[in-house]
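Visitor: Could you have a look at this structure, given as structure tokens, before my questions?
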Amino acid sequence: MNNFFQDFNLLFSSSLFSSYMDWFYNFNCSLLFGVLSFVSTMFVYLLLSSFYFKSKKIEYQFGELLCSVFPTLILVMQMVPSLSLLYYYGLMNLDSSLTVKVTGHQWYWSYEFSDIPGLEFDSYMKSLDQLELGEPRLLEVDNRCVVPCDVNIRFCITSGDVIHSWALPSMSIKLDAMSGILSTLSYSFPVVGVFYGQCSEICGANHSFMPVALEVTLLDNFKSWCVGLLSD
């Protein structure tokens, strides 16, 4: 049943948390599809059959019991994995080894590594004439945010003007950036690669040209990147 929803699925999961979210989505879709099939089948059967019910009793206790038990079971089946995901999400925010402050502006992102003095930069979308071979249009930036893999990182999201939203769909990350408010999220990236997202809150004329590019690399490469950026 899960394969049926591949065309309507989330992006390819690149972390443990996003894999759990993907499984939960497929599980709910399969469950709801089963409920829809059962109700539709019963509706068509009763509509086309000559069956009729005749009773002097106004109440039908067994039917009322079924109508109470089955919805309760369905809700319990949804509640158990949902609470497990919520508990796992809470564990992710317990501690962190690196803090990255992300500030949204019209229409670019600013990154500041609070644990590394002087390491801060702005990230703008690359124009068409700046793109190199293989770089995605409207998603590549001039300065990627580089973070090490297998390290718990705390992201502090805020805004310098209007409301923005820092989103990485493949990681199941979406945090609103609001002026005067600091939204935090701790995350560990197990996969090396470059992951793209966009601002997911309409923030003005160039809202569509405000991409997010996060590069996850090995710890040694991250240290070399920090040294190179600080030396510049």
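Backbone N, Cα and C atoms are what each Cβ position is placed from, and that goes for glycine too.
For 1-30, 90-232, the entry in Swiss-Prot reads topological domain 'Mitochondrial intermembrane', with the evidence type sequence analysis. Summarising the annotation, Swiss-Prot assigns transmembrane segment to 31-52, 70-89. According to Swiss-Prot, the feature topological domain 'Mitochondrial matrix' maps to 53-69, an assignment based on sequence analysis. Annotation comment: Swiss-Prot describes H164, C199, C203, M210 as Cu cation A1 binding site. Sequence annotations record features per position, and here Swiss-Prot assigns Cu cation A2 binding site to C199, E201, C203, H207. Here Swiss-Prot flags E201 as Mg(2+) binding site.
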Visitor: Give the distance between the Cα atoms of H207 (Cu cation A2 binding site) and C199 (Cu cation A1 binding site), rounded to the nearest whole Å.
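Guide: A Cα-Cα distance of 7 Å.
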Visitor: By a simple count, how many Cβ atoms lie within 10 Å of the Cβ of H164 (Cu cation A1 binding site), its own Cβ left out?
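Guide: For H164 (Cu cation A1 binding site), the count of other Cβ atoms within 10 Å is 30.
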Visitor: Across the topological domain 'Mitochondrial matrix' (53-69), what does the pLDDT come to on average, as a whole number?
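Guide: Looking only at the topological domain 'Mitochondrial matrix' (53-69), pLDDT averages out to 72.
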Visitor: Name the secondary structure element type, per DSSP in three states, that contains H164 (Cu cation A1 binding site).
Guide: strand
Visitor: To the nearest whole angstrom, state the Cα distance for the pair E201 (Cu cation A2 binding site) and H164 (Cu cation A1 binding site).
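Guide: H164 (Cu cation A1 binding site) has its Cα 5 Å from the Cα of E201 (Cu cation A2 binding site).
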Visitor: I want the residues beyond C199, E201, C203, H207 whose C-beta is within 8 angstroms of the mean position of the Cu cation A2 site's C-beta atoms, in chain order.
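Guide: Result: G104, W107, V162, I163, H164, S165, S200, I202, G204, M210.
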Visitor: Just name the most isolated of the binding-site residues C199, C203, M210, going by other Cβ atoms within 10 Å of its Cβ.
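Guide: Checked C199, C203, M210; of these binding-site residues, fewest Cβ neighbours within 10 Å: C203.
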Visitor: Whose Cβ lies within 8 Å of the mean position of the Cβ atoms of H164, C199, C203, M210, the Cu cation A1 site, other than those residues?
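Guide: Those within range, site residues removed, are G104, Q106, W107, V162, S165, A177, Q198, S200, E201, I202, G204, H207.
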